[in-house]
């Protein structure tokens, strides 16, 4: 699959030198960019001074580092031995582009893969590290549940984003969305535990009219006790969202069954946003989505379609039994080939007793 590298060339690698000069690790400045379902290389190279080092004594380790400085093991290799951890199993492999290449390839990218990765190369007692930022193309959207605004603690915000085919957005993702015009006057949780909201058009009811535009930040809040909305992030779809054409409008239960009869499921909010942003779905007809809200996506604003700005219109959460609308369905692709990493066929040296 296609993927892009931002600000990266092997001739201009950022370089971090160990004081002893024994191991030097080079990684890409800026970030590498892909999308959900894609394949991406996290570039990392190393060399030694002096260079007469047994390659079987080199240990390569990749770790994901969160904003809260929590570490998640991804991949480790020592000579011919390799191990992949957790959700990365079956999806990560060494690039093996030549001597000194510690790059890894991640296949079938997920939303959870977004973030910062550490490449560590160790030679006996000497080691060096570098960092690679993995970014995803996608869309940020504000979300609140049927119970109303400001009802979610941090953990509940994580859950509702996940239920709508998304994850909690990062500050960088929210800031990018603000630069692209996102304006929302309700504060929401981000993945680092902070609470923020983007204002493109300052007004008195949103932090004073004379305040400059920007992303307002409440700082880090108590994850269990305090309640806000959520800012979710989603990316490419492995399928497509469509408005189901019917002769009559339906209630919520009838909408769910109608999608099922069409070999699909009722679309989640995140799927509708991804279809609007990435697949340019434009439909001026209100329809049920999975959480019981009524929404419709507008790419080209026009009269009687909800205002002058593009976006996904939200008409709220009506009575599921008695209110009648259309429905947005999601049908998963069935012809997508597997993008898992090739199986490694490695042999363990007979005299090897070292643990990786």
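Backbone N, Cα and C atoms are what each Cβ position is placed from, and that goes for glycine too.
Automatic, uncurated: that is what TrEMBL annotation is.
Cβ neighbours of residue 206 (disulfide bond) (same chain, under 8 Å, six or more residues apart in sequence): 185, 197, 199. According to TrEMBL, the disulfide bond annotation covers 185-206 (among others).
Under the heading disulfide bond, TrEMBL lists 284-305 (among others). With a 10 A radius on its CB, residue 305 (disulfide bond) counts 16 other CB atoms from all the protein chains.
Assigned with DSSP, the residues of the domain 'Ig-like' (22-135) fall into helix, strand and coil as follows: 9 helix, 63 strand, 42 coil. Per TrEMBL, the feature domain 'Ig-like' maps to 22-135.
Look at TrEMBL and you will find 139-234 (among others) tagged as domain 'Link'.
What TrEMBL lists as domain 'Link' is 239-331 (among others).
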List of residues, in chain order, with Cβ under 8 A from that of residue 284 (disulfide bond) and at least 6 apart: 296, 298, 302, 304, 305, 306
DSSP residue counts for the domain 'Link' (239-331), split into helix, strand and coil: 19 helix, 26 strand, 48 coil
